[in-house]
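Undergrad: Let me give you the structure first, and then I'll get to my questions.
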């Protein structure tokens with residue numbers, strides 16, 4: 001069973017699912033997690049000694065090698081992928097679609113909730129595909145676009161029957177001076193409650209949460225890259241589960257251009273009130289903030305203020321880093337870590353490979 005301690009401040013079209021002003025209203029629902037079952041498999045049943053037809057001494061027995069199946073540190077048990085595919089998508093219904101960026105924000109970002117009736121058994125950190133209505137310039141149906149899920153596994157309404165997305169409307173001017181609109185993002189941002197939407201998935205295991213409830217989880221996000229981290233944090237701080245209680249440290253770094261693009265800010269500040277010792281929150285607002293040297297405050301600039309502390313955390317085997325958002329953020333973060341690791345005589349790029357191998361460095365960028 002999972003109980004929701006608080007609710008989002010977002011508007012909600014479902015009666016009883018949320019309370020205006022963010023006042024908490026407990027709600028319960030069943031959450032099933034299959035038993036954790038891992039096995040070891042042998043590569044063979046053994047080797048018999050072979051005797052030569054001309055010699056009486058037996059050849060030495062060959063060593064028996066046993067292949068041990070790797071046990072993941074993440075919550076992979078029972079994870080479902082690709083239940084719905086492009087040829088046979090699930091048809092959900094839009095329940096809510098609301099803009100969550102200010103009027104002066106550089107672009108629009110929308111939070112939307114779709115019905116699933118429990119038919120899309122996703123986990124925090126997974127994605128779904130959306131197939132927009134209509135046809136392309138060649139007369140063929142539009143291809144699906146993948147979006148990180150922005151809700152916990154039980155959904156914004158705590159009934160395990162919805163899935164939420166965080167989508168930025170893509171509009172830009174190409175080299176010819178023509179205004180181009182992203183097909184799927186505009187389709188989604190224009191959806192009205194009651195409209196149908198074709199959904200595929202769920203997909204992905206890269207961004208699944210760690211099993212260890214005492215882990216340190218460092219989340220690095222830019223823009224709509226906040227989506228999977230909202231799903232993590234709702235599970236950690238807004239819900240109660242019989243089989244999961246987060247007692248570790250969650251540290252979120254969120255990079256955005258302006259204050260009006262700080263997505264879900266009220267939710268995150270409420271989490272800090274609930275668990276001030278277990279949740280740290282740092283914003284990097286590039287067009288409004290600078291560091292001591294007068295440089296623009298990008299996510300890597302903010303991280304540099306805590307570089308020694310971050311490096312010490314990264315030396316521990318229960319620290320997990322998750323990065324989601326614009327691909328350009330990777331280099332800036334690597335630059336910081338290269339210098340830090342070098343002080344200890346460590347090659348950062350090699351060390352990062354080890355972290356990836358142990359599932360402690362997880363990246364989803366675009």
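A Cβ is built for glycine as well, from the same backbone N, Cα and C atoms used for every other residue.
Note that the coordinates shown come from a computational prediction; the quantities given were computed from them, not determined experimentally.
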Undergrad: Which one of 72, 115, 148, 195 goes with 168, 224, 256, 257, 286, 287, 296, 325, 326, 364 at the NADP(+) site, as Swiss-Prot has it?
TA: 148
Undergrad: Among the recorded positions 168, 183, 184, 189, 216, report those whose Cα falls within 10 Å of that of residue 148 (NADP(+) binding site); none is a fine answer.
TA: none
Undergrad: Max CA to CA distance in Å over the NADP(+)-binding set 148, 168, 224, 256, 257, 286, 287, 296, 325, 326, 364?
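TA: Taking every pair among 148, 168, 224, 256, 257, 286, 287, 296, 325, 326, 364, the longest Cα gap is 28 Å.
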Undergrad: Between 183, 184, 189, which of the recorded positions has its C-beta surrounded by the fewest other C-beta atoms within 10 Å?
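TA: Each of the recorded positions 183, 184, 189 was scored; lowest Cβ tally within 10 Å is 183.
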Undergrad: Which residues does residue 364 (NADP(+) binding site) neighbour through Cβ under 8 Å, counting only same-chain ones at least six apart?
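TA: Long-range Cβ contacts: 148, 204, 206, 207, 225, 228, 322, 323, 324.
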